[in-house]
Structure formats: C-alpha cells, structure tokens
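Taken straight from Swiss-Prot:
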- 1-69: transit peptide (TRANSIT)
- Val70: N-acetylvaline (MOD_RES)
- 124-144: transmembrane segment (TRANSMEM)
- 149-169: transmembrane segment (TRANSMEM)
- 171-175: motif 'Histidine box-1' (MOTIF)
- 207-211: motif 'Histidine box-2' (MOTIF)
- 282-302: transmembrane segment (TRANSMEM)
- 303-323: transmembrane segment (TRANSMEM)
- 367-371: motif 'Histidine box-3' (MOTIF)
Amino acid sequence: MASRIADSLFAFTGPQQCLPRVPKLAASSARVSPGVYAVKPIDLLLKGRTHRSRRCVAPVKRRIGCIKAVAAPVAPPSADSAEDREQLAESYGFRQIGEDLPENVTLKDIMDTLPKEVFEIDDLKALKSVLISVTSYTLGLFMIAKSPWYLLPLAWAWTGTAITGFFVIGHDCAHKSFSKNKLVEDIVGTLAFLPLVYPYEPWRFKHDRHHAKTNMLVHDTAWQPVPPEEFESSPVMRKAIIFGYGPIRPWLSIAHWVNWHFNLKKFRASEVNRVKISLACVFAFMAVGWPLIVYKVGILGWVKFWLMPWLGYHFWMSTFTMVHHTAPHIPFKPADEWNAAQAQLNGTVHCDYPSWIEILCHDINVHIPHHISPRIPSYNLRAAHESIQENWGKYTNLATWNWRLMKTIMTVCHVYDKEENYIPFDRLAPEESQPITFLKKAMPNYTA
C-alpha cells in the first residue's frame, strides 16, 4: 500500500467536512498513482467481481462539475514537507503520516532489520493467549447471564471483544506463528473459528492473498475501492453502496464472510478438500450448537448469548481491517504499479486502542510488523514494532483510535479515482448521499 501525501488538505469544520480535489503530484514523486480504499458492498464487497481500474476516471469527472457547493476546494499545500504531513495527519485524525518509502527499498531490506527473536514461537505465550480468550469469553457469558437489561450492551461489548481474540488466535495459526506443529495449528485454528461460524481453511486461503497482494487493485481480498462504474451502474446499486458504506460499514465484514467463504467455486482444486472439511465443521457447529442454545435459553437467549456478541465481533473485524489500510493518503494501486515494500510499510496503519481491547484482541492493532512478516507471533508484535520505529519510523503511519479518524474513513474514503485516491459519495451523488450527510453531522470530530 505505497502511499503519497495528497496534494490538498481535508478540512474538518465542526460537523461538516470538505475534501478538495487533489492535484496530481509531479512525475518525480515516489508514489505516482494513488489509489483508494473502500469496500465493495454486499457481494461486491472485496472483489465480488472484477473491475477495470483504467476506466475509473472518466465517469467520476463527469459528475463532479455539478456539485461544487458540496466540496469546496482549499489551497493545496506542497505535501512534501514535514509541516504539510503534520497538517494532513491532524486533519485525518492521525498522529503521523509517513514519508514516501524510496523505490529501491525492498521488503527483505526491512525484514532483515528485525531481531531474530521476534520470529520465535513460544508455546507458553501461545497458551497464555488461549487462556486470556477463554477466560474473558467465559466471563462475558457470565456477565450476559447476570446483567440487568440496561447493562447488557456493556456485557455484549465485552463478550464481542473477547471472542475477537479467538479470531486472532486462529489468525496466528493460519500464518504458522502459533505452534511449530502444523496439525496443532489446524486443529486450534478450526476450533477458535467455530464460535464465530467462520470456516478456517477458506479464510486462510483468501487471507494469504491479502498479504501477497495488499492494497493491489482488484487482487487484494480485503477492502477494495468502490469502482466508479459499479457506483454508476444503477440507482438501486448506488443507494445500496452508499448505505453500506454509511451506517452499516462497521458491520460490512458480514458481507465478506458470506461472499468469500462458502462458495467452492472461489477456490482452487487443490484447496477444495480442506475447504469442505472446514465447512463441515462450521455446519456441524450450527446444527448442534444453535439448537442446543435455543433448547436451553430460547430464541431470545440465542440472540442474547450468541448473536449480539457475534455482531460485536464483526464490529471489530470491520473496524480493525478498515483502519489497518484505509486513509485518504494511502493508495490502492494496479498490479503494474504496485510495490510490495511500499504497500506493506507505507500502506499499513499502526493504531492504538484502549488497553483492554488490545489485551483481549492480542495486539492485532500492532499491524505494521505483521505485514512485514506474517510469521511474527502476535505476542512478539510489539517488540517488532519498536524495531521498525527505530529503523523505519519516519515512513510509518501512526494513529490513536478516535472519532475523527473513523469519520474520515466513513465519510470520505469511498470511490476509486487514480488521481485523487478517494472521491466521497456526496461529490458524485449529493442528492442520494443522505446517509453520509447524516454521519458528517452526527459523528463527533474529536481526536482525544
């Protein structure tokens, strides 16, 4: 996700926001072709079907001229100085926006600076992670059982966060950073994903592509830009996209879960047998676990003990993955312009969350070292991050989770444009962008 600094400022003024057009940088810029970050809606989420990035610009520019009142431009800064990056960081809700990584730096160059210790697997630390997740999830279920109705949202928030830790454990297993025994990793990963009704092997296969093609237009299996031709395809589709990227965006990972993991046609022939085993495990859990829950506590109990924590998990799944790689200055590039080192270092965001979230989710937010090498266990990510800050810190994007950061992502990072990175929905279809207008007015603009 190589990035360059957009040649403009995104101005926040109370509840209203403006994203000016970004003039094209000089050809000498290390990042010539910025991309965009967004997620496709419903089955279009995360590359439901292929689009052609080269055809994106024309339909976008066709609609911009009639909505000048929606996005008033401001004077574009140089964008090359530390002062300009600091201004952009402040306006986007970041602590730091990194400098352009030189073109001649490779991913191996960065990896070679990491201490060897960060790659070491420690069975006791891995077991500690499992105990933290099992204990916190059990505590969450107890809280749900004992809480009066008005405290249930807090119990659900805790339990949804705790069960996200199960996903991170399975995530380590998929990257072969949990145990030196592959069979143990497959068993633990499958079991950890079961309460989430997430098929382990299908997710593993697709997630490997995310790491191999991070922020590559079309090919990345994580959040993809909204292609302009799809945004323009029909009024119904446009409204669905706007709503999906509006109020329900923090749960849009549910669409990714449905779209990517249950269709055997999406997998290679060599993968299908393992995919079938994972699907059988998930369906068995649903066939046995769900009726058992209903038998014990009824349909409302199923909603109370399983569905609401599951929605809490998907809030974090969507939020973490959005924040990891989404910002107005982070490009999404076509394959012929993509650079691995820039994508993994410049295009990944380190974001600090409240400590209890980081503990329950096993430091999944410490994401830059994970993209330098997925083989780093979650319990070594902080040591690896410190090393990266010492050696490559000026190139990194740093943030603390805040309202302005989320407001930027949810109200600005929408439609792909090669020149501007993102074009917000309300610049293209202001009359249909009421959900975005609502978010601009309703979401606070705080950074603290």
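In case you wondered, yes, glycine gets a Cβ from its N, Cα and C as well.
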In the same chain, residues at least 6 away from the ends of the transmembrane segment (303-323) whose Cβ sits under 8 Å of its Cβ atoms read 39, 140-141, 144-145, 152, 156-157, 159-164, 167, 196-197, 222-223, 249-254, 257, 290, 293, 297, 349, 351, 357, 361, 364-365, 399, 401, 405-406, 409
Arithmetic mean of per-residue pLDDT over the motif 'Histidine box-3' (367-371):
98
Residues in the motif 'Histidine box-2' (207-211) grouped by DSSP into helix, strand and remaining coil:
5 helix, 0 strand, 0 coil
Take the motif 'Histidine box-3' (367-371) and count its residues per DSSP category (helix H/G/I, strand E/B, coil), listing them in that order.
4 helix, 0 strand, 1 coil
DSSP residue counts for the motif 'Histidine box-1' (171-175), split into helix, strand and coil:
4 helix, 0 strand, 1 coil
